[in-house]
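Annotation source TrEMBL lists domain 'Thymidylate kinase-like' at 11-199. For G13, S14, E15, G16, V17, G18, K19, T20, the entry in TrEMBL reads ATP binding site.
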Amino acid sequence: MSDIPGKFISLEGSEGVGKTTSLNFIRDLIESKGHKVLVTREPGGTPLAEDLRATLLANRKEIIEPDAELLMMFAARSQHVKQAIMPALESGTWVLSDRFIDASYAYQGGGRGIPFERIAELENWTLDGFKPDLTILLDMSVEEGMTRTRQRGKPDRFETEKMAFYEEVRNAYLLRARRDPERIHLIDASPDIETVQRSLQSLLQTICFAKN
Ligand code: TMP
């Protein structure tokens, strides 16, 4: 863990894995230990980054080029880190982000086929080694996740992608987790909510609260 007073946790996973429920659970858990928490999301988290989010998620006739999509994700992230995440962490507030850097490797890397090395160049440029202290990857089969997503409202531009896209997204996430097991922790999101929450609680206890 870094020397910055607050801790930075990101939550990742492909569509339908139950990120929102888990996010609320983790926020309550952190608050119950007496810490302030900023709950935020990517793309988004500042007014400008939220504008970029709306642009990125809107369904449109014009095809967005993968590089353009990636650059907009990083433009939003750069603003988010400098204007919202860093100031919070420096003041001792914990930050819990619904997605962060690993989503760019999973969606623009795995899903859109942009080489990881190219994404790493942007990561080095804009984040300069800054990473979450802990990343929780909620994982389930693409089929199950898609079934859950279909039960929601109108799909956004990403949710209309085919199964094959999501298989690549999931594979890229799993590869990231294998390559960085110290930071990225996998949680099986397919069991019932109580089981998933027990796994989250024990992970946070071990990684974040052990010395509290
Ligand atoms: P969600 O937060 O509702 O899942 O929507 C955000 C969408 O943006 C989701 O489909 C994943 C996508 N995304 C990327 O493609 N790359 C990124 O770097 C981030 C942060 C999100």
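Glycine is treated like the rest: Cβ placed from N, Cα and C.
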Item to check | Mean per-residue pLDDT computed across the domain 'Thymidylate kinase-like' (11-199) | outcome: 96
Checklist entry - Which ones in the same chain are close to E15 (ATP binding site), with CB under 8 Å and 6+ residues apart in sequence? => result G145, M146, R148, T149, F158, E159, Y166
Next on the checklist: On the three-state reduction of DSSP, what should I expect for G13 (ATP binding site)?
Outcome noted: coil
Item to check | Cβ-based isolation winner (fewest other Cβ atoms within 10 Å) among the binding-site residues G13, G16, G18 | outcome: G18
Checklist entry - Which one of these binding-site residues, S14, V17, K19, T20, has the sparsest Cβ neighbourhood, judged by other Cβ atoms within 10 angstroms? => result T20
Item to check | Three-state secondary structure, T20 (ATP binding site) (per DSSP) | outcome: helix
Checklist entry - To test your reading of the ATP site: which residues beyond G13, S14, E15, G16, V17, G18, K19, T20, same chain only, put their Cβ within 8 Å of the Cβ centroid of those residues? => result L138, M140, G145, R148, T149, A189
